[in-house]
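Engineer: Just dropping this structure here.
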């Protein structure tokens, strides 16, 4: 069926379905063809009415001054946005330097001495949090008189109204009336003397007030449970005074004290210096409180600090209650406004984009022509083919239309015209013809003859000014606002600035694109378009595009209603048919046509660059040092406050019921818990669960502390398994932890350097293990000690000991290939012999480790830092017998012991290939291939860029004519894009490699050669193009 045998979109009757080749007389005889105006949705009609009403009102009341004033207004908004974007942060939180600069006592208004703050916390009538607070301090005005004393309190806390109520205020025991200044989130109490005089010398200030709703529902980082948390800054957000001595007390009713999940905590700090204390209840007798009945008893906690604190200290009191202890009020409107108010410009931009679409579709819609039109067998009046193409915006048809309209006389000119026409037809509608299409569109835009002839009109109104200037100004303002508010911690929890910057930019671009160049049809333009539609109806009915002739004056107009590709094919076919010479299309691409290979090469280069950027942004470097989950203490809160003081790890290797290798491990750990930690101390362990791409079948059996079961949380990682304790109470001092786990698939397929083998590689501790620990985890300056015991014991079952082919303690050999996902690619013998010089210069020989065969045939492999055998060597190189010297062994760390000094601490056992069942064959090869794949792909990309640069250089240098558009496109755009992608991948892959890695050296050499080749290619192309231009 002909492609024209389709229903037309704008009321054009389609050709008869069964009329495959002949004419359609019914279409010619159809008479008037309806041409109704397009229908619009109710929403767009309403938006258009709003825009029209606004435009009419502004035109009725405004003039050029108004328009310029509105433009200046948006320019000012944009200027404010630029200032917010590039200027200083307004109301920026104090940073390190600001606090340091304010630490001079001689510059403070006054100094608070012997400060006392008492919190009496109860449950209010509605079940909410209520605190009666009393503050007392001696204000020392040592730097001169001051008119008043100000106390700033937080009264909008975590989205809740604190319901501030001021109690009594006294100065030197005399009640005074304080001035209250309320702001959005804070309240300032301004205290003056009763007689209005300035403060001088020392004065006793006392303030009492009440606050409510200071509880926040939060996740407890120690247990992961939901709690009612109270984390309160004693001095609030602003305390610019120095402080000498402070005591803070917290009084709770018995029922609230029972609801505490752990003891309250106090924190006193200033910048990097800080101290934390877990509070204990006071003895009523020591505090002077009267004993009371159980129902009305109270529990008091307190802490004090006698040191001098600079301005802006951090003094916090923290308490966590069981969930539901306090009722929570509704979140205030202010909180929602502060959190999401900055996003209003984003909503405005979205509305602008919608209004801009309505303006383009409705307000600036094409004018209506006649309600109908007729089929037309003559060219439109006063409308050349080129102008018709410009009127319809058919830039892709421009070249073809121009050739069809330029009909020459007979003879040689007619033959050349057929050739030009055939070649133009072959080019029409192809991607490679884009330069010609863009040139035509640019040619039409410069004089804009369509507008000059009155066929289209250019909107010039308040509405268009608004859509041109407002999106730019609001977007800049949104960017600046987000940059300013990105310093505020609370907003980083609610939204992500980068996302909203991107969205606001997208909406602004949409609005600008919609209003950038509207050119609606005038009445005359609409009538001209209807004449062209009439020509189209006649051409379809007579099959003009299929039959020709090419000299028909209607044909340049008829091709405008077919796709450029189809129109070009038909014109080229008619030209060949009329000349009878298919060769007239030879050389149809010409010098301004982009060859398909060049376009595909450019698209591939863009795809490679985009893929490289996305890859390096989302995937960790493949050859970077392994980053373990437990290395970052922020992943596991509280683990910073524990240290491993000793470990004794014992493993037994046997054959499981399924015939697989089964390794049962027991860890006896001596752990030190910090005494004054800011978080509840927790202990974490991490083990490898994969080796050479094969799962080891890790299974945690139990974790106990001092013989009792310990609450733990297990975290599965891609190649490891993490276990962290979840102690609710803050432990202190030294405790014994026992961990039991099993590797149910400990053996993997591997190579032992001789052939195929099965390996059991047991990494008891990852390479991050330490041979020393801080005796006080909260304060490293208190000193450190060596980890003792430091012992590994691996027992191999008798039936497996007989099959053991080799092995040793895990070691690292830089000359051997790296093993993916493991630190250590070689082994040390089970008993390592080395020498060591003590501080006195005495040389000793060491024997580290032991290999023992038990009576039952089991092989016991031991590494024990306390069991190292040593002997002194005299000047002649002679020595006595080896013996264990505890005093000498106390000096040995990882470096002296050698085992695990730079690697994971563990052992490797090599067995024949068929020793264990359940081993995945071929997994090692797949893992190594996957490990080497990024490097290989980067090298292939580098080699490809090098080869392409050499090829382009050779072609450009050897050709007699100047480089074509396709070669220039690939040389000047495609190759540089690929080189950028190569650089991105190069530093992502090679950058983290060790300096001794030969692969990195090879990559550097090949990349350097590639850069030289690309530079030479540029020079050759530029010189060849310049020489062609000169000629």
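These residue numbers are counts, starting from 1, taken along the chain as shown.
Each Cβ is built from the backbone N, Cα and C atoms, and glycine gets one as well.
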Engineer: Looking at the ranges 406-427, 428-449, 494-515, which is given as transmembrane segment in TrEMBL?
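Structural biologist: Result: 494-515 is the stretch TrEMBL calls transmembrane segment.
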Engineer: Check each of the ranges 273-293, 294-314, 378-398, 462-482 against TrEMBL and return the one annotated as transmembrane segment.
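Structural biologist: Checking TrEMBL against the ranges 273-293, 294-314, 378-398, 462-482, the transmembrane segment one is 462-482.
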Engineer: Take the transmembrane segment (462-482) and find every residue of the same chain, 6 or more past its ends, with a Cβ under 8 Å from one of its Cβ atoms.
Structural biologist: 51, 54-55, 58-59, 62, 66-67, 70-71, 74-75, 77-78, 80-85, 342, 345-346, 348-349, 352-353, 355-356, 359, 363, 497, 500-501, 504-505, 507-508, 511-512, 514-515, 518
Engineer: Counting only residues 6+ away from its ends, which parts of the chain sit with a Cβ under 8 Å from the transmembrane segment (965-990)?
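Structural biologist: Tertiary neighbours of the transmembrane segment (965-990) are 432, 435, 591-595, 597-599, 601-602, 604-606, 608-609, 611-613, 615-616, 621-623, 934-935, 937-938, 941-942, 944-945, 948-949, 952, 955-956, 999-1000, 1003-1004, 1007, 1010-1011, 1014, 1017-1018, 1021, 1025.
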Engineer: Would you kindly list the residues that approach the transmembrane segment (335-357) from elsewhere in its chain, counting only those six or more residues past its ends and only Cβ-Cβ distances under 8 Å?
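Structural biologist: 44, 47, 50-51, 156, 158-160, 184-185, 467, 470-471, 474-475, 477-478, 481-482, 485, 490-491, 494-495, 500, 503-504, 507-508, 510-511, 514-515.
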